[in-house]
Amino acid sequence: MPTSFTVVPVEAQGEERGPAERDGQRQEEEEEEDERDRGSGDGIARESSPFINNAEMDRENMYEGKNMALFEEEMDSNPMVSSLLNKLANYTNLTQGVVEHEADEDSKRKEVKVPRMGTFIGVYLPCLQNILGVILFLRLTWIVGTAGVLESFIIVFMCCACTMLTAISMSAIATNGVVPAGGSYYMISRSLGPEFGGAVGLCFYLGTTFAGAMYILGTIEILLTYISPSAAIFKAEEVGDETEAMLNNMRVYGTCIITLMAIVVFVGVKYVNKLALVFLACVILSIIAIYAGVIKTAFDPPDFPICLLGNRTLSKRTFDVCAKFTESNNETKTTTLWHLFCDSPFLNATCDDYFSLNNVTEIQGIPGIMSGVLTDNLWSSYSEKGSIVEKKDQPSVAGSEETKMSGLPYVFTDIMTYFTMLVGIYFPSVTGIMAGSNRSGDLKDAQKSIPTGTILAISTTSFIYLSCIVLFGACIEGVILRDKFGEAVNGNLVVGTLAWPSPWVIVIGSFFSTCGAGLQSLTGAPRLLQAIARDGIVPFIQVFGHGKANGEPTWALLLTAGICEIGILIASLDSVAPILSMFFLMCYMFVNLACAVQTLLRTPNWRPRFKYYHWTLSFLGMSLCLALMFICSWYYALIAMLIAGCIYKYIEYRGAEKEWGDGIRGLSLNAARYALLRVEDGPPHTKNWRPQLLVLLNLDSEQLVKHPRLLSFTSQLKAGKGLTIVGSVLQGIFLDKCTETQKAEENVKSLMGVEKTKGFCQIVVSPNFRDGISYLIQSAGLGGMKHNTVLMAWPQSWKQTENRFSWKNFVDTVRETTAAQQALLVAKNIDLFPTNQERFTEGNIDVWWIVHDGGMLMLLPFLLRQHKVWRKCKMRIFTVAQMDDNSIQMKKDLQMFLYHLRLNAEVEVVEMFENDISAFTYEKTLMMEQRSQMLKQMQLSKNEREREIQSITDESRGSIRRKSYSSPQSIGQDAQALLTNDYREEEAQLIHDRNTASHSAPVVKASVAAAVPEKVQMTWTKEKFVAEKHKTKDSNVSGFKDIFNMKPNQSNVRRMHTAVKLNGVVLNKSQHAQLVLLNMPGPPKNRKGDENYMEFLEVLTEGLDRVLLVRGSGREVITIYS
């Protein structure tokens, strides 16, 4: 939450002292400063830097020379440039996550590790290995055959363009400073903030985990389909059950392999890393074998015959001879194929209609690159699930449609195919571009190697994929391409039939390649999760930040294996691939967004060494990623975005607050600046008006809030909408009050969090509270976002002069809000107001509408009733009718007014007739004025005050003992006796009771109150008064006014009469209301009557539990118009 400070310049208080005194004070201050934290010359602790370790610095060596004596007091926090450069040179980029062997961690840290890997070994080859994988070997030929060469080219080009644009954005981010391990997670979180970083980091983790499942499924498919079909546990009992049996085999073998791989990763990660080069060699050899086979087909195509019945492709798993019958020794014999289509081996047997009408032909599956088969494979051939793979332009006679085809040796399609589904299956084959950035700590020059190696790897793999699409379409027959599992070529891997010297090169190479990719996924994913957990931004995964003694993420590995098992149970490679496509696409989308945001914001720290980027490229990459997500699968895309959104909101509300200087913070600042400039610096339209609060809090000596319920009431009134500024004033000088200011700010912010008050905190340091409050009222807010309403608590102890929020400050605040044209809300008995956890099940909110000052009295109950605390309270509006008013018509008009305002409230008109001023009112006014006048005249020093109080107390006790009617007499009788100058021999007792809790007796505020006990009775006798009078005359000081001869001011009498009468009416109607809202009368124009004003307000609200005094700003805040 942003916080601003108002620093008030004040004059030095020591200027009036003598020279010797000032010197002594200066010497003491210098000694105190020397004893402070020597980290800075001004005593303020500086932010620590990863490059500066104060504990390691040798202070004696630092101050040895005198060339830098001018800066020596700041050397700890601001070191010399030579020291900084020395530490930068020795800085080692430790990976953010796992420390491989913490046992000898200390010894390793002392040694400076010098990275050795260059661009080729450190970036290019790892990216090549991660990009080329299972899809190339198992699905690319099927994609080409199904989508055709042209559409396949479009699919591959879109995916490769997406990764290329992402690589450009990633290169810009990766070269903008040092990137520790964590790859895309680190880059996104530090560029877009912890919320986006955590959400996308977890999505990237899920994508990597499901990639592991996909690689394992690919491994099992190669094993059970092409290497050892007899190893299958589940066999198809009936024809057509092969797919279900295969899925069950995948689940069993997959669970075993994931367990085995997890054990391998747990036992020894270093062996997995050492075997990475072997797995890469298998991939490269397989690709070389494919290109070699393509070249060989130009002059010597391999012999892979395909058997066709009409235009339908036959599976050669169940027969050898591609013919209906054979002739040997002039004898015609039926073949195995005949047995599959006919009910007997004889020539006169009843056969399948289509089998009888069409001939069996045999064609070459791989006619070669010079055969011209490319033109046949240019166009797509999508099909429904369970349809037969047919050859285009092949003569065929249609048979009876009722013929049952299940059980016949045709090659069927296992899933329905369409363009968008193929995009989802293919995209995982272009992922893996982050492999280089993940190794940035091991590179000799990461800022040069990462862009070069990644872009070269993407260019190489894009060329391989695009060329393979054209070569596959030019060399292989279309029906073979659409035969996913190679059933027409004796169960061989289709791409293997093209390879040279043997199909087994591809089979063995792809098997080890997928095995290695699965192991690396199980190695990398737990470390990524551990890095996120150790950042502490997602509380519920912090347990996964722990591991073995050497830093291995044990718990994260278990979770990864569990999630991987979910993918294994899905069992279908074609179903798992779109899932991980979603997560990777979302990750890449946010990498592009991060680059675009940083570029457009032009933050000073955005200085990437990679210069070949532009925000339009990043935006295009982001748009392409989003489009591909919905192209692949719109429902998977929505699910992935929902998961990321839930994680984002969870981190926002429950996660640790991190300040990483991310772009979203900068974007928020730019947006706020733009919005502030757009907001007119003036009052909003009446329709848009809502109370923008400045809440004035009182703090105690420990900088804790005195009235927390004021913030509760604020949150109930605001409900998180609009502007709220919580302000407070500390008395003193800012240089001396820095620590107290920070402590007060922390306490206020903490309480705001507890009370769920959304707003800003502003602490002002001022020589006195009066000026500090004035500064807040004048300067709080920014531009058009300024407060229009001030909320404060009623000063309960306003009669105590030691109270720092005295009645003078209060009245001045009322005047200043009026001068600033701001509304004022004063909550009396604030400690009785409800907390946010309380709920009123019944009761009323009573509005006493005495004068109209903008309609704020109508608006506030409506806003309060939006909150759960006040929701079940009913709104009642009372207005006062004078003698000349028609109360019946007033009620009708008020009901119509409320109807147009769309407010539901009960209406009642209270009649107040003119009557004589009561003796009680007269007595109360006279007592108030006597007290004020007496205390103004008594200007005694503290010692004289104490002696005077003691003598007054003693004399009053003696007087009480002497008099038989010692009970307090009516003040009105004493006043009448004094006014007629009929002095009696009895004392005229004036009783001053400082315990004002009951408000049943008049309160006398005296300048002597600082030394007066909790209850003080001052009895003035005639003799005492005359003696005091003579004493002041002898001392040539202006004498006391004869308070016993004074008459009350008629204006004050009328004001007191109004307060007493109105209080009686309010008590009669609203004594049991949950909240009473009253018009707050303004202070007198003559400042001499300020104390009387406080007394009027006290009388007006006497006997009410919860009161909100409302003083409008003078402008309309509610309207009947739409």
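Every residue gets a Cβ built from N, Cα and C, even glycine.
Going by TrEMBL, these are the annotated features:
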COMPBIAS  14-27  compositional bias 'Basic and acidic residues'
COMPBIAS  942-958  compositional bias 'Basic and acidic residues'
DOMAIN    123-297  domain 'Amino acid permease/ SLC12A'
DOMAIN    416-694  domain 'Amino acid permease/ SLC12A'
DOMAIN    824-965  domain 'SLC12A transporter C-terminal'
DOMAIN    1023-1122  domain 'SLC12A transporter C-terminal'
REGION    1-58  region 'Disordered'
REGION    942-967  region 'Disordered'
TRANSMEM  117-140  transmembrane segment
TRANSMEM  152-175  transmembrane segment
TRANSMEM  196-217  transmembrane segment
TRANSMEM  250-269  transmembrane segment
TRANSMEM  276-295  transmembrane segment
TRANSMEM  415-435  transmembrane segment
TRANSMEM  455-481  transmembrane segment
TRANSMEM  501-519  transmembrane segment
TRANSMEM  555-573  transmembrane segment
TRANSMEM  579-601  transmembrane segment
TRANSMEM  613-637  transmembrane segment
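The listed stretches are 250-269, 415-435, 501-519, 555-573, 613-637; of these, 415-435 has the most Cβ pairs under 8 Å to the transmembrane segment (455-481). Averaged over the domain 'Amino acid permease/ SLC12A' (416-694), the predicted model reaches a pLDDT of 86. The stretch in 117-140, 250-269, 555-573 that contributes the largest number of Cβ pairs under 8 Å to the transmembrane segment (415-435) is 117-140.
Against the transmembrane segment (196-217), stretch 555-573 shows more Cβ pairs under 8 Å than any other of 117-140, 152-175, 250-269, 276-295, 555-573. It is 501-519 that, among the stretches 152-175, 250-269, 276-295, 501-519, 555-573, forms the most Cβ pairs under 8 Å with the transmembrane segment (117-140). Recorded stretches compared: 152-175, 250-269, 501-519; the one with the most Cβ pairs under 8 Å to the transmembrane segment (555-573) is 250-269. Outside the transmembrane segment (152-175), and at least 6 residues removed from its termini, the chain residues within Cβ reach (under 8 Å) are 143-144, 184, 187, 191, 419, 422-423, 426-427, 429-431, 433-434, 437, 440, 446-447, 450-451, 454-455, 458-459, 461-462, 465-466, 469-470, 473, 585, 588, 591-592, 594-596, 598-599, 608-610, 612-613, 617-618, 620-621, 624-625, 628.
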